[in-house]
């Protein structure tokens, strides 16, 4: 019997439409093989939505996402909209999407493909075999804490402030996602905070340690965020699963992505307690190469694979997509950003055809 799924596509800006087209072709191919029918619906988000409607996330687009089984997002933002007031910029649409769908946990998987190890800035022996999952809290912390803003002081000069705040329930919720994720992987969880100077991080550490009693099979460790950043570069093999707050996770995910040689290699999944999740590459919209067929679609395709696995509970469809990505690289067909000696660089469209 054919299984039907409604997928909302948010292609967004820059290279977004190019890499989304490849991912959709891949989903159609795997759907045909496994009798899965995907009903794709395009919706506006980001700069293209601002140009068309004046809003980075129109209500119509948010409702389309709510009505779907999963949301596949490509990339948003670009130079064109950088000078808009902050509340009107494309990136605010992403925050609104997460809040509107109740997404509180982001999983970003850092997996080193053996065929492109030489593209990494680190030595092969340092990165070979690395497989890290970063679990990041999405709806709290300094991005959402109040009060925040730019205020005029008594001296007549402006002062900017943001508030980093987490409640016990928020920490417990993301902490359990971290422990459950580690339990299904290698059983090691590293909690990243800044408990030596931040009160909010001390509460974070206290709650994570309290949760550990419910997961005796998981080995728990703690690192301050500055040390964690250093350790990711020094010896990434020590990590299995990392759980951390919104700001720290945002920074560490991007830093870790470049260890692969390109930020175009890192997929992510944003999930809530129920309802559709959002699946997207960690990278941005790369407006400098948009429309030139230079974009790396791997993270978008791997995000589609994460959608199949975590959003639609179709691991039998996710597995062949992930294996096919490795196979195309094994054939020696990378995009230019992960090119190594002996390989032949291909464009975004050609890479999709190779798949």
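Placed from the backbone N, Cα and C atoms, the Cβ positions cover glycine too.
The NAD(+) binding site annotation in Swiss-Prot covers 78-91, 284-296 and is backed by similarity to another entry. Residues or ranges marked as substrate binding site in Swiss-Prot (evidence: similarity to another entry): 98, 136, 226. Per Swiss-Prot, the feature Mg(2+) binding site maps to 226, 250, 254. Here Swiss-Prot flags 143, 194 as site 'Important for catalysis', drawing on similarity to another entry.
A map of Swiss-Prot features onto the structure.
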| residue | record | Cβ within 10 Å |
| --- | --- | --- |
| 78 | NAD(+) binding site | 22 |
| 82 | NAD(+) binding site | 11 |
| 86 | NAD(+) binding site | 9 |
| 90 | NAD(+) binding site | 25 |
| 136 | substrate binding site | 28 |
| 143 | site 'Important for catalysis' | 17 |
| 194 | site 'Important for catalysis' | 22 |
| 250 | Mg(2+) binding site | 20 |
| 254 | Mg(2+) binding site | 15 |
| 290 | NAD(+) binding site | 18 |
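The recorded positions recorded for this entry are 136, 143, 194, 226, 290, and the Cα of 136 lies nearest to that of residue 254 (Mg(2+) binding site).
Residue 194 (site 'Important for catalysis') sits 31 Å from residue 82 (NAD(+) binding site), taking the CA atoms of both as reference points. Excluding 226, 250, 254 themselves, the residues of that chain whose CB lies within 8 A of the CB mean position for the Mg(2+) site are, in sequence, 225, 229, 247, 248, 249, 251, 252, 253, 255. Closest to residue 290 (NAD(+) binding site) in space, going by CA atoms and restricting to the binding-site residues 98, 136, 226, is 98. Cα of residue 86 (NAD(+) binding site) to Cα of residue 136 (substrate binding site): a span of 23 Å. When the recorded positions 82, 136, 143, 226, 286 are compared by Cα distance to residue 250 (Mg(2+) binding site), the shortest distance belongs to 136. A simple way to gauge crowding: the CB of residue 226 (substrate binding site) has 12 other CB atoms within 10 angstroms, across all the protein chains here. Looking only at Cα atoms, residue 143 (site 'Important for catalysis') sits nearest to 98 among the binding-site residues 98, 226, 286. Cα of residue 78 (NAD(+) binding site) to Cα of residue 226 (substrate binding site): a span of 29 Å.
Under the three-state DSSP scheme, residue 136 (substrate binding site) falls in the strand class.
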